[in-house]
Amino acid sequence: MSPGGKFDFDDGGCYVGGWEAGRAHGYGVCTGPGAQGEYSGCWAHGFESLGVFTGPGGHSYQGHWQQGKREGLGVERKSRWTYRGEWLGGLKGRSGVWESVSGLRYAGLWKDGFQDGYGTETYSDGGTYQGQWQAGKRHGYGVRQSVPYHQAALLRSPRRTSLDSGHSDPPTPPPPLPLPGDEGGSPASGSRGGFVLAGPGDADGASSRKRTPAAGGFFRRSLLLSGLRAGGRRSSLGSKRGSLRSEVSSEVGSTGPPGSEASGPPIPAPPALIEGSATEVYAGEWRADRRSGYGVSQRSNGLRYEGEWLGNRRHGYGRTTRPDGSREEGKYKRNRLVHGGRVRSLLPLALRRGKVKEKVDRAVEGARRAVSAARQRQEIAAARAADALLKAVAASSVAEKAVEAARMAKLIAQDLQPMLEAPGRRPRQDSGGSDTEPLDEDSPGVYENGLTPSEGSPELPSSPASSHQPWRAPACRSPLPPGGNWGPFSSPKAWPEEWGGPGEQAEELAGYEAEDEAGVQGPGPRDGSPLLGGCSDSSGSLREEEGEDEESLPQLRAPGGSESEPVTTPVLRGLSSRGPDAGCLTEEVEEPAPTERPAQPGAANPLVVGAVALLDLSLAFLFSQLLT
């Protein structure tokens with residue numbers, strides 16, 4: 001495991017956890033300034049890799065990271081929504097599922113944090129949109145399917161007729177009827193999600209209050225009449241304000257003859273009702289999250305519009321087919337027919353319409369092509385949504401691993417924190433920078449400076465000792481009596497086999513101890529017995545060749561002046577490399593008589609003095625015998 005460490009940032013943040021090569025590595029916990037935000041989990045060379053980030057507002061991210069950004073699979077949770085899926089460059093993408101607490105859900109493709117490509121959006125009331133998206137909005141071709149009217153959510157915004165997360169509520173009862181003269185909003189005001197078709201002859205509330213000149217100089221739908229309408233109420237479609245209008249007033253702007261309209265007060269017409277089980281489907285083009293372009297909207301009761309759209313309204317050339325089979329076609333403006341009219345007789349209409357009919361036919365043909373394209377995009381969107389659901393499942397699995405990594409990181413941080421804060425007791429580090437367990441004291445078997453016993457063995461002198469300092473075996477090599485003090489080294493019984501331990505050299509060691517007990521360590525050789533010197537565990541010897549000159553102990557002449565006999569001394573011929581217990585191989589070599597040297601004061605050998613005294617006594621005895 002990587003060694004632990006702690007790093008305090010200048011802004012008040014702090015990191016506690018694994019540390020390697022001067023960077024966060026392994027498990028660790030990092031907090032922001034003032035504990036605002038926290039990441040806990042795995043780190044890789046200074047960057048987050050797998051873990052959990054918790055923001056100051058309570059939102060969290062669990063998943064993969066790369067180069068300090070969210071990358072791979074992960075789950076983001078906020079107070080009102082959750083995203084599960086892929087991440088790219090710190091943003092949502094490429095595939096994932098977004099869900100809101102209200103029930104809204106999007107499954108599909110993402111780009112730069114927004115819905116982009118193909119996807120399926122399911123609304124809180126159960127309605128759906130399947131098709132193309134761009135920069136988080138419905139854009140391209142798609143299909144919007146509503147739920148039954150009594151289940152559809154009531155829209156708040158007067159501009160939104162397609163439900164989304166920011167402008168949706170669970171289905172609620174219809175709003176109270178407006179007061180007479182109350183200005184109606186757009187066609188979507190008070191409408192249900194997914195329902196945009198207007199009833200027969202309905203016109204936009206705002207535009208219907210404009211004065212329109214008619215034949216005979218009368219003002220249909222004047223402001224005065226708008227304020228005094230007795231039947232001022234919203235139509236059952238919920239998209240426009242109902243009014244008292246005659247059959248003729250529904251054909252405002254038509255190409256019919258001037259005398260075809262009544263000049264008296266308008267006759268109220270019963271509003272059309274929408275069944276609670278009615279549904280509505282739109283298939284076609286979308287622009288900036290609204291129905292715009294060519295498309296077809298059809299209600300389950302038979303009401304149908306084919307043609308051009310703009311901002312969720314019928315705008316341009318198109319055709320409306322009513323449930324009873326009758327049709328009206330022409331040019332629409334903000335849901336209001338301004339050129340054209342009802343189709344009563346095909347022959348008179350064909351003579352009057354001219355170019356309007358041609359434009360309507362082109363618009364209807366374009367709307368039908370748009371429906372075909374929208375259905376194809378719908379299938380692609382469904383496939384992308386299925387892939388996104390699989391990515392969401394994989395992201396949830398990664399999130400579980402991230403939570404486990406965060407738990408491990410917090411445990412390690414808790415273990416490291418007391419040790420890092422304790423004064424005077426920090427973890428040891430080896431030469432490579434890795435931490436080791438702190439030791440209260442060194443083990444007695446550990447040698448100083450990192451030397452092993454074989455490396456720390458003292459070397460024998462490379463030259464003979466001078467007369468002022470006679471050579472003697474090093475103390476660490478001399479055999480000691482049983483129970484003796486071995487100094488900084490352990491007993492020979494604990495040495496391993498390669499050092500000549502007791503397993504192989506027990507007999508030789510016993511021989512040394514026996515000689516020590518018998519007092520063999522005399523000051524010099526006696527009766528030609530070899531002198532055992534220090535032995536080295538190296539492969540060399542003190543002398544490799546015979547006949548090499550070597551200084552010996554000073555010799556004294558007898559009073560008669562005769563030269564002394566050659567002295568036989570042992571010379572080391574070879575050394576065993578098995579260890580300090582191994583014996584030395586010796587060979588007796590005859591050495592030439594040493595040259596005379598003046599006796600050094602204080603350097604006489606007691607044996608020599610005794611021999612001289614014995615010689616004097618012998619000479620005295622001989623002289624006494626001769627005299628007698």
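The backbone N, Cα and C atoms fix where each Cβ goes, and this holds for glycine too.
Straight from Swiss-Prot, the features:
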COMPBIAS  231-241  compositional bias 'Low complexity'
COMPBIAS  453-467  compositional bias 'Low complexity'
COMPBIAS  528-541  compositional bias 'Low complexity'
REGION    158-214  region 'Disordered'
REGION    231-276  region 'Disordered'
REGION    418-603  region 'Disordered'
REPEAT    15-37  repeat 'MORN 1'
REPEAT    39-60  repeat 'MORN 2'
REPEAT    129-151  repeat 'MORN 6'
REPEAT    282-304  repeat 'MORN 7'
TOPO_DOM  1-606  topological domain 'Cytoplasmic'
TRANSMEM  607-628  transmembrane segment
For this session: Could you pull out which residues elsewhere in the chain have a CB under 8 Å from any CB of the repeat 'MORN 7' (282-304), counting only those six or more residues past its ends?
Result: 131-132, 137-144, 162, 164, 194-197, 199, 274-275, 310-312, 320-324, 363, 366-371, 374-375, 378
Seminar exercise, completed: DSSP composition of the repeat 'MORN 6' (129-151), residue counts helix/strand/coil, works out to 0 helix, 15 strand, 8 coil
For this session: Tell me the residue counts in helix, strand and coil for the repeat 'MORN 7' (282-304), as DSSP assigns them.
Result: 0 helix, 17 strand, 6 coil
Exercise. Could you give the number of helix, strand and coil residues in the repeat 'MORN 1' (15-37) as assigned by DSSP?
Worked result: 3 helix, 15 strand, 5 coil
Seminar exercise, completed: Reduced to three DSSP states, the repeat 'MORN 2' (39-60) has 0 helix, 15 strand, 7 coil
